[in-house]
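Chemist: One structure, pasted below without further comment.
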């Protein structure tokens, strides 16, 4: 029970801190430190142990039928009402409330990333439109009025080189923007899969436990054997689902995981370069600040 609660609380803490890092990046940098992470980890374990304390209080062993020697651990609740309230509490604290928090947090993150995607697409369209129309109409060079591309004037070669450098910077910026767009789309897909896997893995077991608390005989007839075994197996799957999701849907995670498995010696000999197709988390976290600042500094 403690391990299940720790897993759920950790997912909630990750969702909240991701929301703060992406939607409020400047404020989150002040408190998202290593010591804060240690306190959150310790708090999740303490809260999980406190929540599961009734299991330690109301559990005992009894001889297993039909042969007395083997014994099994069972729960002896003070009353049927207490048993029902307990499973409803677990349904709320370990499934419903965490599911709502994760859905809202990742929904807001996805909306923020989607806004950044739209903003960057608008910028790319504006740049493409300016290139297609050539920007402002160029003045005539017949009278020697200082045309920007006129090579016969002194220093025009330097201006042309400056123009070429600016064009290269624009192309590099567009390429980087395209990589950031692709990375943001992958992040959104990953967040959707994480929430979907949480509900898929945990909804059956909590629904089954609540059903057995209020209607034990009907639940026993419907779930005994293969159904309840499959439901428990599905809940166990959640323990390894998130690392696999991160590995297959996040290149940064794959590179870090591979570097960790390779050992410290290989990492010293072959330093790891940042991935080319995904921007750093800091730059992705500043997407809101970047486009809101640009829009607020524009003309009224």
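Including glycine, each Cβ sits where the backbone N, Cα and C put it.
Annotations per TrEMBL:
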DOMAIN    1-246  domain 'G-protein coupled receptors family 1 profile'
TRANSMEM  37-58  transmembrane segment
TRANSMEM  85-109  transmembrane segment
TRANSMEM  187-208  transmembrane segment
TRANSMEM  228-248  transmembrane segment
Chemist: Grab the same-chain neighbours of the transmembrane segment (85-109) for me: Cβ-Cβ under 8 Å, and only residues 6 or more beyond its ends, written as numbers and ranges.
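Modeler: Counting only partners 6 or more residues beyond its ends, the transmembrane segment (85-109) has Cβ contacts under 8 Å with 4-5, 8-9, 11-12, 15-16, 18-19, 22-23, 51, 54, 77, 187, 191-192, 194-195, 198-199, 202-203, 206, 209-210, 212-213.
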Chemist: Who are the chain neighbours of the transmembrane segment (228-248) in space, where the CB to CB distance is under 8 Å and they lie at least 6 residues beyond its ends?
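Modeler: Sequence-remote neighbours of the transmembrane segment (228-248) are 4, 7, 11, 190, 193-194, 197-198, 200-202, 204-205, 208, 254, 257.
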